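Structure, as structure tokens:
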Amino acid sequence: MGEEGGSASHDEEERASVLLGHSPGCEMCSQEAFQAQRSQLVELLVSGSLEGFESVLDWLLSWEVLSWEDYEGFHLLGQPLSHLARRLLDTVWNKGTWACQKLIAAAQEAQADSQSPKLHGCWDPHSLHPARDLQSHRPAIVRRLHSHVENMLDLAWERGFVSQYECDEIRLPIFTPSQRARRLLDLATVKANGLAAFLLQHVQELPVPLALPLEAATCKKYMAKLRTTVSAQSRFLSTYDGAETLCLEDIYTENVLEVWADVGMAGPPQKSPATLGLEELFSTPGHLNDDADTVLVVGEAGSGKSTLLQRLHLLWAAGQDFQEFLFVFPFSCRQLQCMAKPLSVRTLLFEHCCWPDVGQEDIFQLLLDHPDRVLLTFDGFDEFKFRFTDRERHCSPTDPTSVQTLLFNLLQGNLLKNARKVVTSRPAAVSAFLRKYIRTEFNLKGFSEQGIELYLRKRHHEPGVADRLIRLLQETSALHGLCHLPVFSWMVSKCHQELLLQEGGSPKTTTDMYLLILQHFLLHATPPDSASQGLGPSLLRGRLPTLLHLGRLALWGLGMCCYVFSAQQLQAAQVSPDDISLGFLVRAKGVVPGSTAPLEFLHITFQCFFAAFYLALSADVPPALLRHLFNCGRPGNSPMARLLPTMCIQASEGKDSSVAALLQKAEPHNLQITAAFLAGLLSREHWGLLAECQTSEKALLRRQACARWCLARSLRKHFHSIPPAAPGEAKSVHAMPGFIWLIRSLYEMQEERLARKAARGLNVGHLKLTFCSVGPTECAALAFVLQHLRRPVALQLDYNSVGDIGVEQLLPCLGVCKALYLRDNNISDRGICKLIECALHCEQLQKLALFNNKLTDGCAHSMAKLLACRQNFLALRLGNNYITAAGAQVLAEGLRGNTSLQFLGFWGNRVGDEGAQALAEALGDHQSLRWLSLVGNNIGSVGAQALALMLAKNVMLEELCLEENHLQDEGVCSLAEGLKKNSSLKILKLSNNCITYLGAEALLQALERNDTILEVWLRGNTFSLEEVDKLGCRDTRLLL
């Protein structure tokens, strides 16, 4: 196979080589070894395409490992491949060791065939038992027949061996050529009319395939052209304003990419998602749907999704990574939706990506035959105006259909099944229907603190400039929080001179930042002798017509879900060449076929900003119309629609009705961004700027009053919708993402009075905001409102993107928090130390949950200080971090001086025996701790002895969790001695600790003298079934 042809991915080859044995014969594969490798075998059988699985079946059938009845059971349409693989393993295992060995051999043969097809033996074309010979030579016959099924069917039909109906069934477009060949052989097996003898003779006469068509010159030529095309499209990164062209290799900065974890799944606690490299996009375990082909990357607007895909394309085109794919086809969803004509898979790939100069039929057939070597990427699914549905099936790769039907069936796998697809989108655009067809989901969370610094250093090579910018960000937490999104880091880089020279303070809100970039563009478009030093009224007023033209175009585009504008659309919006020269409209990254030089806004957020600008200043927009903006969805479709009064969703009459219609048709996530910008523009901070541009100050006052009323009303309706608390319990509510955007809008307006009014309406004891894409900017907005609460609240922000910068933004509201939950938020020692420094003075705060972050021993001194100083502190949960014995020893010193702590969680750290000893010594006479977890901390018998001494002295501890350690019998015997003297412990968890019957016997003796303990967990230890029954009968408190 040529260089372009490549081979299976290195990971797959390595996994297969381990599973398939060290010798060709696999004679050492016993049933026990086979069963022990079951999960790996399932993964191997489903890791490729259905073609690979059916090849394994071919070999097993030819060797008579499978009977015909067995084989037919694996051809139920619609069954997931993983389900079929497990059934195959069950069937083979039940047939004994010989069958297990043959399955391993079949997998070897199928893998070898997929990489370098071998010529298999011949057969007697005049055999007296043709059906039996078709079966025994099945792999070779499928290989010989697969390119000639059409001709063979025609010939068999002419001679009366098959009916037209049977031909049509075999020719269904959902089948690959190899699958059609197999179905023809299957038909010959069950028909007794001479079809088997006919095939045996005529297949022998077919030409022998020398190699896969990947070797053909036309295929090699096309693959080379495709690589060149993709390389040209991805090698250079055009900045948002199109003013610079940078080498992607020089400027690309890794984002925080994490795999989405289903926290609802049963099983042991999961570690915090590791920050993944782009190269791990297709090799990450933990699939949502093993039978799906689509990888989803979600991220907020400006988080770097498009650049991530561009990097992927470049790595593939340069031969540096993703070489398991021979063909990569990149597409933009905002470009796809402009295609009005019906199109097929063939049209999409060839006419809208890369055209084969010769051999189109052969190349397309190659793509259909080897879909597992194909990758399609679809950028910006949130900008695709059609909502995903799986109602309309389309399975023909050659028949044309609408662009939305084509895309949706590609994502479902009805077209090009087993080809990988990567889709990027903002989270709000991903429906539950689409998630059914997602193999793996990733979160792109923007830059880390190190990423922001690295990006700025790559952008600025001038002496001292990058250092001054980084220092400015570190001193300005609000601006630093914005920069975790790459689009804001670009703005900071673009406006570095204005930021470093300004004296009025750094930007605080998103609106401030966009006005700064507006100032930058306006100043650069103004003659030097007339340019002012800032965004003054005269500068803005001078280009107001241009800004309103751009705003009208932006608003029309949002309402029509249009993000690429043709010359005719620009003309209709009165956008002139002079308006375009300002720089906010740039050439679209892809060209719509048949159009000339389409333009798009720098970024979707700029389109929302200009739409908000138009709504704030256009004389054609009556103030009352702004109420539509906060409807954020079509009536009845969105939770936001139910938050507002009916009057807010009624269309206005007359000249503003078209604007009302646009606002009602726009996508909710775009309306939310626009609403936040509008609130910022109408803030007191920017009142003077807008007043000078508005002919009627009264109209501007009415707009401002309307926005305030609408925000207050929306929040009040939201709070009133919260159901009352159960008697005796605190009111708890999980806020919806729409609530986050209302708070964001309030923060952009910077109205303390409104924030206090909103806080008065929030009468809850527990506010949950898990999985709400809360980043540093959202933290600043939450703190802006929550700091005015009259009653303490438990704030739960698990599974977000708070980070160290976000923690700093939350500090203003820490005084009203009685509990703070920050699970899975990529927080390090730096952020927690700042948090604790503030918490020392917050008497209300009694609980901290920090599991699944990046904490190390570096924060232990701060934790110890918190415990020693705050004698009303109740719970500290530090599970699944990176704390070792050194950190545990420091924390133990804080415990010695603490008299209030009731819950201490250390599971999933690395404290070991020394750490366990230090904690045990500190807790021996502790008067308040009721629950202690040291699960999964590499604790052995030495640590168990120290914990036993603690149990003998402690009179308060009620639950001790020690699962997933290495206590063994020696450690359990020590604990048993401690239990004999303990009078408070109710639950002892010892699962998965290599305990035998000897250790259990010691526990039973202790239980005879201890009436307090209610449960001892011993699951996952080394007991036989007989021992389990025996132990369970002796004491029901043993949970086995």
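A Cβ is built for glycine as well, from the same backbone N, Cα and C atoms used for every other residue.
As recorded in Swiss-Prot, the features of this protein are as follows:
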- Thr239, Tyr252, Thr253, Gly302, Ser303, Gly304, Lys305, Ser306, Thr307, His603: ADP binding site (BINDING)
- Gly299, Glu300, Ala301, Gly302, Ser303, Gly304, Lys305, Ser306: ATP binding site (BINDING)
- Cys395: S-palmitoyl cysteine (LIPID)
- Cys1033: S-palmitoyl cysteine (LIPID)
- 241-274: region 'Required for CARD9 binding' (REGION)
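Cα of Ser306 (ATP binding site) to Cα of Cys1033 (S-palmitoyl cysteine): a span of 62 Å. Among the recorded positions listed (Thr253, Cys395, Cys1033), Thr253 has its Cα nearest to the Cα of Gly304 (ATP binding site). For Gly302 (ATP binding site), the count of additional Cβ atoms within 10 Å of its Cβ stands at 25 [all protein chains shown]. Here Thr307 (ADP binding site) comes close to Leu237, Leu248, Tyr252, Pro486: these same-chain residues lie at least six apart in sequence, with C-beta atoms under 8 angstroms from its C-beta. Fewest Cβ neighbours within 10 Å among the binding-site residues Gly299, Gly304: this applies to Gly299.
Cα-Cα distance from Ala301 (ATP binding site) to Thr253 (ADP binding site): 17 Å (rounded to the nearest whole number).
Here Gly302 (ATP binding site) is positioned 14 angstrom away from Thr253 (ADP binding site), judged by their C-alpha atoms. Of all Cβ atoms in the protein chains displayed, 13 besides its own lie within 10 Å of the Cβ of Cys395 (S-palmitoyl cysteine). One way to see the shell of the ATP site is to take the Cβ centroid of Gly299, Glu300, Ala301, Gly302, Ser303, Gly304, Lys305, Ser306; the remaining same-chain residues with a Cβ within 8 Å of it are Thr424, Arg426, Leu444, Gly446, Leu485, Pro486, Val487. Neighbour count (other Cβ atoms within 10 Å of the Cβ, all protein chains): 17 for Ala301 (ATP binding site).
Of all the binding-site residues listed (Thr253, Ser303, Ser306), Ser303 sits in the most crowded Cβ setting, with the most other Cβ atoms within 10 Å.
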